[in-house]
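See below for the structure under consideration.
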C-alpha cells in the first residue's frame, strides 16, 4: 500500500510538472504594438508549493519590521525633540508598515516591467499619501501650513511671490519666445513624455493638451500663474513643448513595445471605421470623458495645493507628488482601459481588484475636496461671466452635441435605412 501511494503521488507530480510546463510555454512576444504578455502562473497544489510561496517566508521581513520599529521606539534619542520629530518618526513607521503590507499581500498590478515589487511599492506609497490627506480634510488651512512647516521643512509657511506671465505680450520677433526658454520648459517636455507613455493615444493627448490650456484661461482669475501671453499658451506650450513631448513619448512607447490605446480615435487604411473606445457606445463615451476629467483634475489640483499651502515650485514635496501621480496614474489608466474595453480576464484577481484605479481615484477626490474647502475663503471673487458662459457651452458640447452626433442620429438613420429596405 505504501509503495502504491508513493507511485500515485509521483505520477501526480509528474503530470502536474508536464501541465505547468505546457502552460508556461508562450510564443515569443513580437513588437507589433502590443506589450509582451506574461505567462500565466499555474495554480500550484499544496504538495508542490515552492518555498517562497509558503507563509513561513514572511517571517523574516515581519521580524525585521517589528525589530526596527521597536529599536526606533526605545533606543533612538532625538536629543530635545519637538512635535515635528515625533510626527516624522511616526510617519516613517506607518510608511514602513504599509510598504511591507503592499509587497507581501497586495496582488500584482497590470505591469510586469521593470519589476512587480516596484509597482507594489508605488501602490504602498500611494496608500500612505492617501492616509496623509485624510487629516487635511478636517483641519483649517492655517493649521495645515503650520503642520507642513513643523513636520517637513521649516522654510515652508511663507507666502509665495506672485508672478504674472502676461506682461509684454508683443511678439515682434521669435527671440521673444526663445527668451522664455528655461529649465521649466525642459520639465514641461519631460512631463508630456510621461503623459504620452501613460495614455498612449496621440488624439487623446492632444485633447488633453488643448483642454488644459483652456482651463488655464478659465482659472487665471484665481491662480495668477495661469495668466500667460497668447503665444505662451499656444506656441510655446502647445505647439512646442507639448508636441515634442507627445512625439517623443509615443516613439519611446513604440520602441518599448507597450500596448497602444485607442481612447478617442484610432483608424488605419485597413479599417472601414475607427476603432476608438469613445465611439463604441454612449457608456464608453462617458467613461473616456470621466478619464479626461480625472486627468485634468490631477493636473489642476497640483497647482491649487501648491498655491494654497505656499509650497515653492522647486520644493521636493511637489516633485514627490508628481512622481507618485505618474506611477499611480500609469497603473490606473491601464486598469481603466482594460475595464472599459473588456480586455481583461474575468477570473483574474488583480483585474477584479484594480487597486491602482481605486487608490488614484480616492486621492484625486480627497485633493479636490481639500482645494474646494480651503479655496472658499482664499478665492472669494466669483468667476467672470465669460468663464461661466464658456463652461456652459463646453458642457453642452460634451454632454449633448457630441453624443447626439455620435449615437442618437446614427441610430435614428440606421433604423430608417432598415425600414426602407
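Each Cβ is built from the backbone N, Cα and C atoms, and glycine gets one as well.
Look at TrEMBL and you will find 16-26 tagged as compositional bias 'Polar residues'.
Among the features that TrEMBL reports, region 'Disordered' is placed at 1-33.
Sequence annotations record features per position, and here TrEMBL assigns transmembrane segment to 62-80 (among others).
Summarising the annotation, TrEMBL assigns transmembrane segment to 86-106 (among others).
Sequence-distant contacts of the transmembrane segment (118-139) (same chain, six or more residues past either end, CB-CB distance under 8 Å): 91, 94-95, 98-99, 101-103, 106, 108-109, 111, 147, 321, 324, 327-328, 331, 355-356, 359-360, 362-363, 366-367, 369-370, 373. Under the heading transmembrane segment, TrEMBL lists 118-139 (among others).
Under the heading transmembrane segment, TrEMBL lists 203-223 (among others).
Annotation comment: TrEMBL describes 243-265 (among others) as transmembrane segment.
Residues annotated as transmembrane segment in TrEMBL: 285-307 (among others).
Using a Cβ-Cβ cut-off under 8 Å and counting only residues 6 or more beyond its ends in the same chain, the transmembrane segment (319-337) has close neighbours at 109-111, 119, 122-123, 125-126, 129, 191, 194, 197-199, 261, 263, 277, 287, 291, 295, 298, 302, 305, 343, 351, 354-357, 359-361, 363. Marked as transmembrane segment by TrEMBL: 319-337 (among others).
Residues or ranges marked as transmembrane segment in TrEMBL: 357-376 (among others). When Cβ-Cβ distances below 8 Å are used as the criterion, the transmembrane segment (357-376) is approached by residues 123, 126-127, 129-130, 133-134, 136-137, 141, 144, 222, 294, 297-298, 301, 304-305, 308, 325, 328-329, 331-332, 335-336, 339 of the same chain, each at least six residues removed from its ends.
Among the features that TrEMBL reports, transmembrane segment is placed at 391-413 (among others).
Long-range Cβ contacts of the transmembrane segment (391-413) within its own chain (Cβ-Cβ under 8 Å, at least 6 residues beyond either end) map to 214, 218, 279, 281-282, 285, 289, 383.
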